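Have a look at the structure below before the remarks.
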Amino acid sequence: MKRIVLPLILSLCYIAESLFAQFFAARSFGGKFTIVPHFLLVMLILMGMHYRKRLSIIYAFVFGMLFDAFYTGILGVYLFFYPLAVYLTEKMDRILQSNIFTGTLVAVLNMAIVEFLVYGINALINPQVMGFDDFLLLRLWPTLILNAAFFILAWYPMGNFLKRRAREEEKE
């Protein structure tokens, strides 16, 4: 039973992203901003900070592939970028002291990297997708604010859960 809790949490975050996007569409925030929930990426970043690193990257590959298969027209974008974000999180976490402030900064930086890379891929495929200034002001900042708030809310409960789960798996 304990083995399915973490994949279940990740699956719920995966589903919550689409529900959030559907129920809180851009018109809910004045029609100007595009807010992209990255709840799954936030959880994967938390896993990179508090859980077994290799398994975190494997989860990132699996859920990145699922995300590509169901939400994007290009297979491989999130399949590569989610594990990259987890890997970078792991490397930064080794250097920086792990607390909620540095954790939030690392998470926001990694989400910004993923957003920039996805924007770059989309701009290569469709050059008229969105101007860079519009991307920064209307999409990137609101997205980072929402996901930073979610990260802060999830920091203690998920961090404690992941640390406890990692200790239990070491004993097994």
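From the backbone N, Cα and C atoms, a Cβ is placed for every residue, glycine too.
Under the heading transmembrane segment, TrEMBL lists 31-51 (among others). Using a Cβ-Cβ cut-off under 8 Å and counting only residues 6 or more beyond its ends in the same chain, the transmembrane segment (31-51) has close neighbours at 6, 9-10, 13-14, 16-17, 20-21, 24, 57, 59-60, 63, 67, 82, 85-87, 89-90, 93, 98, 103, 106-107, 110-111, 114-115, 138-139, 142-143, 146-147, 150-151, 154-155, 158-159, 162-163, 165-166.
Per TrEMBL, transmembrane segment is recorded for 58-80 (among others).
The feature transmembrane segment is assigned by TrEMBL to 100-124 (among others). Beyond its flanks by at least six residues, the transmembrane segment (100-124) meets 36, 38, 41-42, 45-46, 49, 74, 77-78, 81-82, 84-85, 88-89, 92-93, 130, 135, 139-140, 143-144, 147-148, 151-152, 155-156 of its own chain at Cβ-Cβ distances under 8 Å.
For the transmembrane segment (136-156), same-chain residues at least 6 beyond its ends with a Cβ under 8 Å from one of its own Cβ atoms are 29, 32-39, 41-43, 45-46, 100, 103-104, 107-108, 111-112, 115-116, 119, 130. Sequence annotations record features per position, and here TrEMBL assigns transmembrane segment to 136-156 (among others).
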Chain residues in Cβ proximity to the transmembrane segment (58-80) (below 8 Å; excluding those fewer than six residues from its ends, i.e. six or more beyond): 6-7, 10, 14, 18, 40, 44, 47, 86, 118, 121, 125
